[in-house]
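The block underneath contains the structure these notes are about, expressed in structure tokens.
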Amino acid sequence: MIKKIGVLTSGGDAPGMNAAIRGVVRAALTEGLEIFGVYDGYLGLYEDRMVQLDRYSVSDMINRGGTFLGSARFPEFREEHIRQVAIENMKKRGLDALVVIGGDGSYMGAKRLTEMGFPCIGLPGTIDNDIKGTDYTIGFFTALGTVVEAIDRLRDTSSSHQRISIVEVMGRYCGDLTLAAAIAGGCEFIVVPEVEFSREDLVNEIKAGIAKGKKHAIVAITEHICDVDELAKYIETETKRETRATVLGHIQRGGSPGPYDRILASRMGAYAIDLLLQGHGGRCVGIQNEKLVHHDIVDAIESMKRPFKGDWLDCAKKLY
């Protein structure tokens, strides 16, 4: 019987994490459970930095960006003896389960704790939208709004100077944020990690646009594909059009979460408590076709596939 649980945020922060913590805390207290917040993710779990939370601990948190519990990278958590210390710290406080809010690295930590006999529930908190078993992650839509606003501003100045603008978007190995922002922002060209990239092909497409009378253009590209400053120099040399690169960086992670992310985070947080009370452990929560679902966290990491949104790219190309 679950009586006490912990909650932590791990990895890169995302708008809506505070709303998710609030959902977990309020739902747990409503069900008569005690709940502890863990500071700075798995590092705080290892260092035994936890605090008991009440309803007032999460007051006025639903609209705040970031995570008030903090987050930290802690690669040492891969070591079994480190995780054993973390489990002992939780048992010392009488915790029966842990809710982990974060990305795929955070899920891996939850998976390993689950395999060591400590039940965890994972909630997808990342702007990258790269988590298996869910259509959308907490923070994705807020980050999308931030990126589109930046693209709109770049379009103003690009059109004024007949310039080609490259905008680098976060996402790591997933192009969802780039794709969605490119469609919403009317970008002329899209480069994502799921599709092989050739700078020569990109230049040819840009030249074709110029031949049709296009006086400016925006290229949306996912981070880590190439050096965007070098790409800008290459495009400018080949097209004789002024080209500038803008790296949006960590601004994409900040800001007050939008309504959808607040709702999604709240629903997922409350659902995590429902799952624990039903006796589930080692699960990760998702939303598919607007319905909350849960999957085995081991299967989600090791077996499940995350489909590429090829139809989004096809749509974008029709609108160039």
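Glycine is treated like the rest: Cβ placed from N, Cα and C.
Copied over from Swiss-Prot, here are the features:
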type     : residues                                                                                               : note
ACT_SITE : Asp128                                                                                                 : active site, proton acceptor
BINDING  : Gly12, Arg73, Phe74, Gly103, Asp104, Gly105, Ser106                                                    : ATP binding site
BINDING  : 22-26, 55-60, Arg155, 186-188, Lys212, 214-216                                                         : ADP binding site
BINDING  : Asp104                                                                                                 : Mg(2+) binding site
BINDING  : Thr126, Ile127, Asp128, Arg163, Met170, Gly171, Arg172, Glu223, Arg244, His250, Ile251, Gln252, Arg253 : substrate binding site
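Once Cβ contacts within 10 Å are tallied over all protein chains shown, the binding-site residues Lys212, Arg253 are led by Arg253. Of the candidate binding-site residues, Arg22, Tyr56, Gly103, Asp104, Ser106, the one lying closest to Thr126 (substrate binding site) when CA atoms are compared is Gly103. Here the Cβ of Arg22 (ADP binding site) has 25 other Cβ atoms within 10 Å, regardless of which shown protein chain they belong to.
Note: Gly105 (ATP binding site) has non-local neighbours Ser10, Gly11, i.e. same-chain residues 6+ apart with C-beta under 8 A of its own C-beta. In this structure the C-alpha atoms belonging to Arg73 (ATP binding site) and Ile251 (substrate binding site) are separated by 19 Å. Here Gly186 (ADP binding site) comes close to Ile151, Arg155, Ile218, Leu319: these same-chain residues lie at least six apart in sequence, with C-beta atoms under 8 angstroms from its C-beta. Note: Ser106 (ATP binding site) has non-local neighbours Ser10, Gly11, Gly41, Tyr42, Val100, Gly122, Gly125, i.e. same-chain residues 6+ apart with C-beta under 8 A of its own C-beta.
Checking each of the binding-site residues (Gly103, Met170, His216) against the residue listed as 'active site, proton acceptor', the C-alpha distance stays within 10 Å for Gly103, Met170.
A gap of 18 Å separates the Cα atoms of Gly103 (ATP binding site) and Ile251 (substrate binding site).
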